[in-house]
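Annotation comment: TrEMBL describes 49-301 as domain 'G-protein coupled receptors family 1 profile'. What TrEMBL records for 33-57, 69-91, 111-129, 150-172, 192-216, 248-270, 282-303 is transmembrane segment.
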Amino acid sequence: MDICKVHENSSKCSGNTMPMECFMVLSTQAQKISIATLCCLFGTLCILENSLVLYLIFSSPTIRKKPSYLFISSLALADILASIIFVSSFVNFHVFNNTDSSKEMFLLKLGGVNTSFTASLSSLLLTALDRYICISRPSEYKSLVTRKRAWVALGVLWVTCVTISSLPLLGWNCCTLNSACSELFPFVDDKYLSSWIFLVMVLLASIVCAYAHVLWKAHQHVAYMGKHQVQGGKQNARMRMDVMLAKTLVMVLTVLMVCWSPVLVLMIYGIFVRLSNQLRRVFAFCSTLCLLNSMVNPIIYALRSKELYSSLRMVFSQFKRQLRATEDSPEAESTHKSSVIETVCEETCVT
């Protein structure tokens, strides 16, 4: 029997005979309004924030030359794509209950969502590795992390993400293989979903390990400073920077775990146990946490950067000057000059 046709025509929500309507788990108008509100709010803020980050990076000749900011640019681009594709397809399916698209179109949209979220996590991993190299081998950082190597790494990242996410559309789906289908996503093969979950968990574990090492190095540095009671402006400044670094990394790991753990736990649970409509409804709401992660990424990784923050202040200053039609202020020029001063490796990589 053709499972694709069964998915479209069956009237029962059981096993491989679940039609598209069975995946529309939002049963009340209040639930649909809540999902639509969350998606539109997170999605809009995510697009605005990440677009601002891309503008600040590529409008500055100094900033866009640094490999660290190329990784942040990739993260911002992935999060913008995630917002656009996820919100449009998710709201269209769950809120407006639109099933007019074919199996191929649905898998194409799902592939776009998977590509963007996987690329976002992969960009986070590159950022984590960049900071790991920076703090573990500071004297060799500039020779190891070059602009050319950064572009190559990003090229491999995006090609890999697109390839992996396209596999269901290319044939690895339960319709083509006549295999067990996921109860969370139409047409998706359970084995493919298991593989994708494993990939995401590897990415998250690698990010955690890299940042745990950076956090440990920061802790050692602060302990050394305290033990030897190092004095002086430069040493105290570095000590304050390490404390801020530790707080930042704790925030990074907390946000990652809070946003991704509920979705991954329900995905894994759904592979082994049949999910009730209530749990699938919970999964739909938890999916918006991944979008929330994309929304807060610019705040954690980009806008906390001193260079980008200074560039942002310059943009606002220029905007105010245009509105007032006045000459440039001395304070703005001073801010711009201080923003392009070269800093130490740790401050450049993690701010």
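Glycine residues also receive a Cβ, built from the backbone N, Cα and C atoms like all the rest.
TrEMBL does not curate its annotations; it predicts them automatically.
On a predicted model such as this, the values are computed, not experimentally measured, just so you know.
Taking pairs at least six residues apart, the transmembrane segment (192-216) and the transmembrane segment (111-129) share three or more Cβ pairs below 8 Å and count as touching. Residues 25-26, 34-35, 38-39, 42-43, 45-46, 49-50, 52-53, 56-57, 72, 75-76, 78-79, 82-83, 86-87, 90, 94, 117, 120, 124, 127, 184, 248, 251-252, 255-256, 258-260, 262-263, 266-267, 270, 275, 309, 312 of the same chain lie 6+ residues outside the transmembrane segment (282-303) yet bring a C-beta within less than 8 angstroms of a C-beta in it. Summarised as a single figure, the pLDDT of the domain 'G-protein coupled receptors family 1 profile' (49-301) averages 88. The largest share of C-beta pairs under 8 angstroms with the transmembrane segment (111-129) comes from 150-172, of the ranges 33-57, 150-172, 248-270.
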